[in-house]
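These features come from Swiss-Prot:
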ACT_SITE  Glu883  active site
ACT_SITE  Cys917  active site
REGION    228-574  region 'Proline dehydrogenase'
REGION    653-1119  region 'Aldehyde dehydrogenase'
Amino acid sequence: MGTTTMGVKLDDATRERIKMAASRIDRTPHWLIKQAIFSYLDKLENSDTLPELPALFVGAANESEEPVAPQDEPHQPFLEFAEQILPQSVSRAAITAAWRRPETDAVSMLMEQARLSPPVAEQAHKLAYQLAEKLRNQKSASGRAGMVQGLLQEFSLSSQEGVALMCLAEALLRIPDKATRDALIRDKISNGNWQSHIGRSPSLFVNAATWGLLFTGRLVSTHNEANLSRSLNRIIGKSGEPLIRKGVDMAMRLMGEQFVTGETIAQALANARKLEEKGFRYSYDMLGEAALTAADAQAYMVSYQQAIHAIGKASNGRGIYEGPGISIKLSALHPRYSRAQYDRVMEELYPRLKSLTLLARQYDIGLNIDAEEADRLEISLDLLEKLCFEPELAGWNGIGFVIQAYQKRCPLVIDYLVDLASRSRRRLMIRLVKGAYWDSEIKRAQMEGLEGYPVYTRKVYTDVSYLACAKKLLAVPNLIYPQFATHNAHTLAAIYHLAGQNYYPGQYEFQCLHGMGEPLYEQVTGKVADGKLNRPCRIYAPVGTHETLLAYLVRRLLENGANTSFVNRIADATLPLDELVADPVEAVEKLAQQEGQAGIPHPKIPLPRDLYGEGRINSAGLDLANEHRLASLSSALLSNAMQKWQAKPVLEQPVADGEMTPVINPAEPKDIVGWGREATESEVEQALQNAVNQAPVWFATPPQERAAILQRAAVLMEDQMQQLIGLLVREAGKTFSNAIAEVREAVDFLHYYAGQVRDDFDNETHRPLGPVVCISPWNFPLAIFTGQIAAALAAGNSVLAKPAEQTSLIAAQGIAILLEAGVPPGVVQLLPGRGETVGAQLTADARVRGVMFTGSTEVATLLQRNIATRLDAQGRPIPLIAETGGMNAMIVDSSALTEQVVVDVLASAFDSAGQRCSALRVLCLQDDIAEHTLKMLRGAMAECRMGNPGRLTTDIGPVIDSEAKANIERHIQTMRAKGRPVFQAARENSDDAQEWQTGTFVMPTLIELENFAELEKEVFGPVLHVVRYNRNQLAELIEQINASGYGLTLGVHTRIDETIAQVTGSAHVGNLYVNRNMVGAVVGVQPFGGEGLSGTGPKAGGPLYLYRLLAHRPPNALNTTLTRQDARYPVDAQLKTTLLAPLTALTQWAADRPALQTLCRQFADLAQAGTQRLLPGPTGERNTWTLLPRERVLCLADDEQDALTQLAAVLAVGSQALWSDDAFHRDLAKRLPAAVAARVQFAKAETLMAQPFDAVIFHGDSDKLRTVCEAVAAREGAIVSVQGFARGESNILLERLYIERSLSVNTAAAGGNASLMTIG
């Protein structure tokens, strides 16, 4: 879609009027001018009367337009973004406004529209009852259909076995290697309670399937239960694998054939003849996933062309109503079918759609554009609009469009389509469906923190919407040919009576899914004389191979197996028919009486804002597919773009301006974002003095008040989201989606820490450290910066914030927000500058009581060494919380879905230009699928747009500066020189290519390595390394990953639970991700932080973090927090019991030492190692947080009482103690019970520091403690923290001896969310 800039001369007064009018409606002048032209043209084209122009314009209208001479103007940020905002007609604006409207508003509007008049309601109920009764009483379908329905009925999604069947169906047929197929079958079948299903179903097939899922490949009619039970177990074991593989494969293919009309279009057309003879019609759908590459899109295009030729010939002139048609999925025709890539969609996808439509016209067969996810609805309407006005298609009524009744926008979409049909002088075919992406729409809205759902949360509301929409469609027969796709007897009966008895061919039709709806519609399609209703039904018929069938099959299994579906309920003989065919309007009214209002959302589906329950609200996101949100954002970006931001020190006292240096946009050297300067030595000194003075004042502020201030800051930050987005885009090179996520994370941190302090802290018992230095990175200049400061402030500390020198402007805004929220001046201070100067001066100062650092492992080690000899007033070591990088891997086996893997790899490796500490660095692919996966990954990389992130189209922005770019490119060059295959790609156009030269861009890069060890250090940018592994060498691969010493994030893609358990159980990694991307940890949902070289802990956004920022708290403080959080979900403490066994032995042994025995019992009560907790999060995801013991704790004491105190603490968490090999310790060990002594290891005193250990407990004097801290800090490798105590002290902090593990599992990976689908 080419664009031209046309200049118009305006006087200053008119220009001001436009600006004022635009700002009044929160839009840009650019948008207003475009909208005005659009509306004027609209009226002109519709021959409406046009308003008279004021006299002063008449002369101007006759002026000849002068060409605008190009000028080298200063760079204007976000102008291109503003130009991408689309003008909207009134009806289109109404659609957008209804996107996420409150459910109560939407439902109450629908009720009257959907209500049937009493006579129609009575007739509809009677007919529905007859249809349902006949359906239930008819002899079970024979052959394949009956078998499959029996299976699905017996193994519903609420059973473990039903879910196992779904997982098998989703993965089995695509796995290329036998070993992984066997492992999947064993995994899914061995854990099921299959015996409980034996004999429950009257269907012989179901019982046979239960007995090993057709393990012999044929049906057996007699069973001996005892023998079969044994044989089932044997089959599940090794010996039966070939048999069971063959049987399960057959069962899965059988299920596939039930829902697919044919593997090829020719086969499908042949198979359709039988039902066509009974009066059915067909619409064919070519199966497959959405295209991710240009090659995928081309293959689908060819497939659609061939299908149209074949269907057209088979139609043989029957026409669009009587003959077969085709349904096309737009996401299959283009790899970037989304609002962000609007221009590409119009320039590249539209011509493909047009050529397919012209081909369909040539044969006069109907072509339906299928409905997809909610964020694609409006772009599909734009494509449809354009198609309807094509001169070559004038007067042809075969253009079809699918609308979804579960969307709140649906009634308004119908209004628009009716208007479009009228304007384009045609009759449109409109298929009304319920909607097939319900679970994923709920999940997406929750994850993105949007204001509501685009869909109804209760199925009965969708049923009401369907009736209201059906009435609207039937009301305009001259403009709309309605196609009612439903399997619900009441809906069918209602439509039959609403449409009236005087049916004529071409008035409307019903539709059903192949393999699901035929039994119902065999009562409808056919002559009245034969007892039928004489109404046509078109079968939606999928065509494709077993491999392409998977996603579609799981969707059907979900719909069939969901206990809310009509197909499932009709087969449930215990459900009264009256209930099954109830009028949905009456059902909603009944609910309204119980709940006090119509349209109350489902109680089990909280609004995204309320996702975390009462204690904390979810941060608000911004929908970048919503035209109104984009226009508002554009307006804010333009109005803030000319502001020259400043970053200078913020102290309690005013500071001088000093000499400022420009801050340059890394993507566009012409864009000076603002000005900044470094804090001077005297300013740093003043700030330190202020922090010391203000610390007692802030600590004396009640925790609830501190919390309220942080909550206020969260609200202010959310209010200023749009201007913060602009700053993040320009200063840090963030794309819009990254910038939104960053502001949200900062807001989440404020809410999370505020909530914990509000509920659990008391100034009498919880005492802060004092002045704390926060050193934050440039890659998350608002989120991590705010997170560190929020935690330190929440705990009652004064804060000295040293942001990264590359991103001081964002930091200055963050501080301004905190001060505005009520943090007193001097309690939080900003000291911009370099680490070597400002950072060094801060951390070297004895007044600093704690250091929080996020950055490189090397700098963290230096910091630890710098503060090692310093102790606080209580004689404790100064804490360092360090979060550093990682050599993060993702393991992918052959059971994973390649399309899903590629999407997650792109996000994990290249989002944020790879500049996340959690980013994927090494992709480990099982040999069997490596080539196939890499081919698709390379194709998908070539579709990514790299460029200025100030455009909506940009996927990948710049790296932070020229130094970073040089380091990354040096690494790529080194790998090339070594002969490693290097692939680089991004979608290129001339504008982008020019930008790549001037900004600091690095093209997404793929480098194939020979083994994992070849990568020696983290490469912080858009560079992904690939290693291949043999399925039998998975254990060795995990060992190699652990051997790197890093342990931040790890991903695994597999459908095999045993593999998930193996990887997550043996990887020494802080954050683990299963069947999803491995970036974007959410505060309180996936607490974030690594182990080993990747960080010291505790995890940010987790329950332990604030306790590390206190100098003193009660022994049970952590347990108070955990007990409060545990009220929502049960705790899994199985492992804890096992870990505590040695401590129990020590407790018994200490019978004659009452003080030790009491301490042992106290530690046992406090111990949390071996506990696993479920954390709140979005649907379709399972997030757990587990506390495990550190492996080995160095215990240093020269007194028996202290040595035993240390040992009790170590045993309480299940760790091993490392003792000095001397007479004192050997003698003590001899006296201990065997179970306790087994947990102690020895090393010579002179070699202690060379031993592996990951925590230290010390009892003794402060001089000795300093020496120990210095020696521990001088070691190579991971930073180890030291707990130091005076002799006789017993208040050891158990949480310092835990390792935290976060595990996030995408439970909807197999194609849908079974638990959400079954809630009703």
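From the backbone N, Cα and C atoms, a Cβ is placed for every residue, glycine too.
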Query raised in the report: If you skip the near sequence neighbours and keep only those at least six away, which residues in the chain come within under 8 angstroms of Glu883 (active site), Cβ to Cβ?
Result: Ile784, Phe853, Thr854, Cys917, Phe1088, Gly1089, Gly1090, Ser1094, Gly1095, Thr1096, Ala1100
Query raised in the report: What does DSSP call Cys917 (active site) in the simple three-state scheme?
Result: coil
Report task. Look up Glu883 (active site) in the DSSP assignment and report helix, strand or coil. Result -> strand
Requested in this report: Count the other Cβ atoms sitting within 10 Å of the Cβ of Cys917 (active site), across every protein chain shown.
Outcome: 26
**Report entry** For the region 'Proline dehydrogenase' (228-574), mean pLDDT (0 to 100)
**Finding:** 91
